[in-house]
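Participant: Structure provided below as structure tokens; questions to follow.
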Amino acid sequence: MPLHGLLITSSISMVVMRLSSTSTTTLGSHLYGHFDMHIKMVAGDSAGTVTAFYLSSNGNEHDEVDFEFLGNRTGEPYILQTNVFTGGEGNREQRIYLWFDPTAAYHTYSILWNSYHVTFFVDNIPIRIFKNSRKLGLKFPFEQPMKLYSRGGLEKTDWSKAPFIAKYRGFHIDACEASVNAKFCETQGRRWWDQKEYQDLDAYQYRRLMWVLRKFTIYNYCKDKARFPVMPRECKIDRDA
């Protein structure tokens, strides 16, 4: 299918239901692109709630790129967890404290996905980059189109604090729309997010990334020697490892 941008703007209030979850998804599948979601998180005592925004393919060996927002006790910072699945394998979690109150206003959470890297942004500040390491024999989200999902769920929660509401105020997709069986984007290299200047972060973006990693990172799987006595190979080439 030809490459084109898809713009969808919507207003959604998502109530996280007891012992269940609510979710929305886009109809089309996409192979590379830029994805924005504008979210205001659950306010107050939100411990046990999970609000997610992610890309995922179909099948057992699926690819997935996750934003997961882990609620917390009143007054404590929200935790943002990111993860990347390739070929059905995840365990690549990183967690940061957000440097603002995500319940007070809408903030923009973005994913840039091209053939060189997957990068997570918060209000245009990069918080993580996952590079294409196929030259090392490692899998990368490369040949499986993915859909955009948003989801809310509960773990152990104090129901006296209900209702738990996360608000979505529109999302924007500028991506290659493709069938679920597509193996490549027919106009690869012609969109802004696939140009040379987007093959890596620029110097300013890396400084912002390092700021986030130094001040707000609370967990990085690349540094977890208990889980990974041998550092995962992709961590050796990522500058955020």
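Positions of Cβ are set from backbone N, Cα and C atoms, glycine also.
In TrEMBL, annotation is done automatically, which means it is predicted and not curated.
Per TrEMBL, active site, nucleophile is recorded for Glu64. Positions annotated as active site, proton donor by TrEMBL: Glu68. Under the heading domain 'GH16', TrEMBL lists 1-168. Annotated N-linked glycosylation site per TrEMBL: Asn72, in sequence order. Here TrEMBL flags 1-18 as signal peptide.
How buried are the listed features, and what sits near them?
Facilitator: All protein chains considered, the CB of Asn72 (N-linked glycosylation site) has 18 other CB atoms within 10 Å.
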Participant: Below 8 Å Cβ to Cβ and six or more residues apart, same chain only. Which residues does that give for Glu68 (active site, proton donor)?
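Facilitator: For Glu68 (active site, proton donor), the qualifying residues are Val50, Thr51, Ala52, Tyr54, Leu80, Gln81, Thr82, Asn83.
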Participant: Going along the chain, which residues six or more apart from Glu64 (active site, nucleophile) have their CB under 8 A from its CB?
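Facilitator: Long-range Cβ contacts: Tyr54, Leu55, Ser56, Ser57, Asn83, Val84, Phe85, Gly90, Pro141, Met146.
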